[in-house]
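A.B. asks: Please read through the structure below; I'll follow up with questions.
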Amino acid sequence: MDRGISAVRKAMAPLLEYERQLVLELLDSDGLVVCARGLGADRLLYHFLRLHCHPACLVLVLNTQPAEEEYFINQLKIEGVEHLPRRVTNEITSNSRYEVYTQGGIIFATSRILVVDFLTDRIPSDLITGILVYRAHRIIESCQEAFILRLFRQKNKRGFIKAFTDNAVAFDTGFCHVERVMRNLFVRKLYLWPRFHVAVNSFLEQHKPEVVEIHVSMTPAMLSIQTAILDILNACLKELKCHNPSLEVEDLSLENALGKPFDKTIRHYLDPLWHQLGAKTKSLVQDLKILRTLLQYLSQYDCVTFLNLLESLRATEKVFGQNSGWLFLDASTSMFVNARARVYRVPDVKLNKKAKMSESAEGQETKKELVLESNPKWEALSEVLKEIEAENKESEALGGPGQVLICASDDRTCCQLRDYLTAGAEAFLLRLYRKTFEKDSKAEEVWVNLRKGDGPKRTMKSDKRPKDTKNKERASTKKGAPKRKKRELTLTQVMGTAEEPPEEGAAEEDQQRQATSSPEGCGGEIQHEAFDLNLSSDSAYGILKEPLTIIHPLVGCSDPYALTRVLHEVEPRYVVLYDAELTFVRQLEIYRASRPGKPLRVYFLIYGGSTEEQRYLTALRKEKEAFEKLIREKASMVVPEEREGRDETNLDLARGTVSTDAPADTRKAGGQEHNGTQPSIVVDMREFRSELPSLIHRRGIDIEPVTLEVGDYILTPELCVERKSVSDLIGSLNSGRLYSQCLAMSRYYRRPVLLIEFDAGKPFSLAPRGSFFQEMSSSDVSSKLTLLTLHFPRLRLLWCPSPHATAELFEELKQNKPQPDAATAMAITADSETLPESDKYNPGPQDFVLKMPGINAKNCHSLMNHVKNIAELASLSQERLTSILGHAGNAKQLYDFLHTAYADVVSGGRVRK
């Protein structure tokens, strides 16, 4: 019973020796900590949270996710901390947030809320003890977190700033990236802790786990497919270089193409000119993505799933683009032939008759013989589990059987492993084949009959090695009796179900459903919740006395700490890494070092000489090179004394853009500086999700955050700005929302402005490349903008290439202009009856008149200047309307509309019918 309770309520392990050394250095001086992936950046952050969980402190935490905040709070609760961290969200009203801050402790708050509270002085800046920043590599100049840190340093010179990140590769891009991040963080010290650090390496080597590397050989068909995909990938890369010579040749190597960040690298180079690229280049980028997916499916999933993906890609030609030619390469033919050979084979007699290749598909399917090649890793996993089971039978010296944790890359792989361990490879693949290719029922019968035959006949019918057949038999034999005896201890725990073992029919239906279900079916979060549920009853605690096997995904869980929880709650003695993942490998090293004296064996399954192995080694190499570059930058880095901003000498804290080279106007008071009112802009609360308010504040303009119904930025009492990104602009034009917004701005402000802001790093073009049509189209963005400006003559369009340019433009528009009033801006709503004095028309009748035939935005004001109300309008003659509107056709339409009898309209409609 005690053992079960300790498994559930397991606190985070104490700091290791090198971690304590780093904490002492960080306590002595603020700085940025860059450690290797998996070496415990979250553990360091948790320790500082633990130190400041006291009402006498007020510490803000930036850049954390809700799941991470929940994990930290639960860990502190387990340790018995009384003053737990609190989360400030939109559910807490703005008036009550000041009380939350003054109660002290740790505060998790969104960046938007903190920015608004700093600007409105709702947070006691002078009482803040310090700020902890997580994922510090994301702190660029224009982001919200950098804005918060700048506001904090302007108002508080004593508080600490400590930043943590485990992504050293992120600092490998751009010029002096780490120095710019430290500048935005206001820290002087850089703490680098790679895996090859002397203190880290020496300590972990003393407590390293027992590692068993198993290099699994791919089948000949898999090797042929991998070679074919790599050849096609290399050909596509060469063609991409030919079409785009400006691309970096080093980044477009075949080795980099195997890594996870390759898609981001390609888009980083091509996004700024994406709208200028031809169809061939865009098609090649899509092909590279598909080929990388094929490589992943080859090593990750079974032969049926891989063939299904290939066939679906060939059937859907639009996936490859119009000009893709790699489908006609010899390597592509080899890939399709070998992929089909892994699933089924056609008798040689059939293949030799080339004249009959045009027969119907049904005739071919009747003579297919299923092969259903098993994944080699499955058999290796069965051997590992068999070895663990044998050791557990003789584990009295170690205190009983050890628990087993199997880690695969994603939920889908976990589901397949569970079904394989439940039913065996043959039954699982046959069931999956039936579900995927339902029309091949006759081929299934042939395969089933072959399996019922004798052993030699099976060997001759299949091209696989006899060793593979024996391994399959061993795997199915191994899973025979123990599978039934320990079903509750393995499979139900894997899927997180606390039900009775189902009957055979129900179990088969469930396995069929899970085999091809969506990845959400085996989520780590569901598994963990069910694991806690199983431990909640007294009878369930006894489960831990028997070998427990859990299959868990490495990535893709909604809870990023689900695997960490399972690791510390189950405390497995054996961990099987079905897929290689650098972060979790390091996490296992920390786990072993924090439990001295307790055995841990790690089985490392990997395809030898495969792209999977190459990806893992490339990730190791890139991280090592990134740390070496950071070490060189740190050695040559020049950090000014005022970097931390603890006095007024730091220029980064200065606001305004007045240059010493700017000429003074000597006609006004001899060039003396004019001490006028401080410029300000009223900003809508929702705009604080963007980086523009930060840049406006940086230019010396005060920001008043309020909730606006009309406009996003009020620059002057007469000038209102509605900001739109390109995607938002297109969506608002299509939905008609932009028309309503422009109507409201035109009605209540003399100078309405539509600001279209596009990112310089993203593609944007109003007209397609090489084509421009004179005729207007209802679906064209340019046409819709033209109609918008025709309908609202006072509306002005501003085009800005970046938020920095927008902030500069706002500053120029505000020069020598009166400041807006926040209360007045808040009082203006879309349904407000109060109008500026310059507008002398009621909006209701004006909208009504605009909907009449013959009335448009050009002649509407002329008509309203001559007519007081609708009754007077109805009394005018057609000649008088012609003189007012200036157009006989419009006057006739309006006159007929006003004076035609309803009965005539109805009768006329019947005649037309």
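FYI, residue positions are counted from 1 along the chain as it appears here.
Every residue, even glycine, has its Cβ placed from backbone N, Cα and C.
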A.B. asks: Which residue range, 270-298, 531-559, is the one Swiss-Prot calls region 'Leucine-zipper 2'?
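C.D. replies: Range annotated as region 'Leucine-zipper 2' by Swiss-Prot: 270-298.
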A.B. asks: Looking at 477-482, 483-488, 513-518, 609-614, which stretch does Swiss-Prot describe as motif 'Nuclear localization signal'?
C.D. replies: 483-488
A.B. asks: Mind checking which residues of the chain, 6+ beyond the ends of the compositional bias 'Basic and acidic residues' (638-649), have their Cβ under 8 Å from one of its Cβ atoms?
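C.D. replies: For the compositional bias 'Basic and acidic residues' (638-649), the far contacts come to 30, 153-154, 157-158, 161, 182-183, 186-188.
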A.B. asks: Just give the helix, strand and coil counts over the region 'Leucine-zipper 2' (270-298), going by DSSP.
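C.D. replies: DSSP composition of the region 'Leucine-zipper 2' (270-298): 27 helix, 0 strand, 2 coil.
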A.B. asks: Please list, for the region 'HhH2, dimerization with ERCC1' (834-902), how many residues fall into helix, strand and coil according to DSSP.
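C.D. replies: Output for the region 'HhH2, dimerization with ERCC1' (834-902) reads 44 helix, 0 strand, 25 coil.
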